[in-house]
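Colleague: Swiss-Prot feature annotations, pasted as is:
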- E281: active site, proton acceptor (ACT_SITE)
- S44, G74, D75, G76, T77, V78, N79, E80, T101: ATP binding site (BINDING)
- S220, D223, E225: Mg(2+) binding site (BINDING)
- 3-139: domain 'DAGKc' (DOMAIN)
Amino acid sequence: MENKYTHGVLFYHEHSGLKNINQGIGEVTTALSSICKHLSIQLSENEGDIIKYCQEIKTKNYAKDVDILFILGGDGTVNELINGVMTNDLQLPIGILPGGTFNDFTKTLNIAPNHKQASEQMISAQVGTYDVIKINNQYALNFVGLGLIVQNAENVQDGSKDIFGKLSYIGSTVKTLLNPTQFNYQLSIDDKTYSGETSMILSANGPFIGGSRIPLTDLSPQDGELNTFIFNEQSFSILNDIFKKRDSMNWNEITQGIEHIPGKKISLTTDPAMKVDIDGEISLETPIDIEVIPNAIQLLTVNDL
């Protein structure tokens, strides 16, 4: 087989979510080495290492001929690579190999959830161009959320039940289990202002969150827009449906309970200050400024057959 690329770099964390990371590396390199003349395998020991390596690739200090990047890991690891690529303006395609709890954006790219199968898909995958979310000085592929979604992420980190991932726990138990905190918000989207009280605000770029599809038919990470959702108190009665695709429900048709506002530039302040979940990583608090950067990143995409 003809090598598509000259020099690929495969990034991974030791704690990637795979039970045996060394075995996992061996399983994916067979396919990746068939499309790269030279494949470097790069361990990221500490948070921030991948961003540092991206800087070295940009300045040619890592190697002079790197022309593709691969990442084996979960959403947090992928998020670090996205930040490294965007911060250093690396115009290189990225192949994502699932290796964590959720790989929401790999579903968008039609990539298999198994890392070995995903690596084999890279052989015939095509490069697609996707929008990126900028949040203050950070970047993300998939979503920005606060309120209930942050409480859920903290539950997962504590080893508790993943509320959005375990849909049977949503609905009747959501108020007793999570006791959603109400907060006041002031939101500006493309110069229009909104204010009120809510338990959750979500701005989405990709159509999957927490492993399930957002039931909104026209949500696309290639349309130059973000979709912001404001959930009011009454909307928790339909939380059973929110992160679960159901024929009987479509967010396009919902007016009561969930307010949907598409837009490109967003400013958000809250009272009190709220933690912010960015692709599963909680690293910021409000106030935040959000914008979509169209056609910002190249990702290997499997053709949807």
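Any Cβ shown, glycine's included, is placed from N, Cα and C.
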Colleague: Near the residue listed as 'active site, proton acceptor' in space, meaning Cα within 10 angstroms, which of the binding-site residues do we find among D75, N79, S220, E225?
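Modeller: Neighbours among binding-site residues, in sequence order: D75, N79.
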Colleague: Report the member of S44, N79, S220 (the binding-site residues) whose C-beta atom has the most other C-beta atoms within 10 angstroms.
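Modeller: The residue with the most neighbouring Cβ atoms within 10 Å is N79.
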Colleague: Could you state the whole-number distance in Å separating the C-alpha atoms of D223 (Mg(2+) binding site) and D75 (ATP binding site)?
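Modeller: If we compare the Cα positions of D223 (Mg(2+) binding site) and D75 (ATP binding site), the gap is 22 Å.
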Colleague: If you take the centroid of the Cβ atoms of S220, D223, E225, the listed Mg(2+) site, which other residues of that chain have their Cβ within 8 Å of it?
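Modeller: Neighbours found: D131, D218, L219, P221, Q222, G224, N227, P262.
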Colleague: Can you check which residue among the recorded positions D75, D223, E281 has the largest number of Cβ atoms within 10 Å of its own?
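Modeller: The residue with the densest Cβ neighbourhood is D75.
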Colleague: Specify the secondary structure state of S220 (Mg(2+) binding site) as given by DSSP, simplified to three classes.
Modeller: coil
Colleague: Report the member of T77, E225 (the binding-site residues) whose C-beta atom has the most other C-beta atoms within 10 angstroms.
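Modeller: Checking each of T77, E225, the winner is T77.
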Colleague: Whole-number Å only: compute the distance from the Cα of N79 (ATP binding site) to the Cα of S220 (Mg(2+) binding site).
Modeller: 19
Colleague: In whole Å, how far is D75 (ATP binding site) from E225 (Mg(2+) binding site) when you measure between their Cα atoms?
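Modeller: So the Cα of D75 (ATP binding site) lies 21 Å away from that of E225 (Mg(2+) binding site).
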Colleague: Could you tell me how many residues in the domain 'DAGKc' (3-139) are helical, how many are strand and how many are coil under DSSP?
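Modeller: Output for the domain 'DAGKc' (3-139) reads 50 helix, 43 strand, 44 coil.
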Colleague: How far is it from T77 (ATP binding site) to S220 (Mg(2+) binding site), counting Cα to Cα, in Å?
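Modeller: On Cα coordinates alone, these residues lie 23 Å apart.
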Colleague: What whole-number Å value do you get for the CA-CA distance of D75 (ATP binding site) and S220 (Mg(2+) binding site)?
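Modeller: A Cα-Cα distance of 19 Å.
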Colleague: At the Cα level, what's the spacing in Å between S220 (Mg(2+) binding site) and S44 (ATP binding site), rounded?
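Modeller: Between the Cα atoms of S220 (Mg(2+) binding site) and S44 (ATP binding site), the distance comes to 31 Å.
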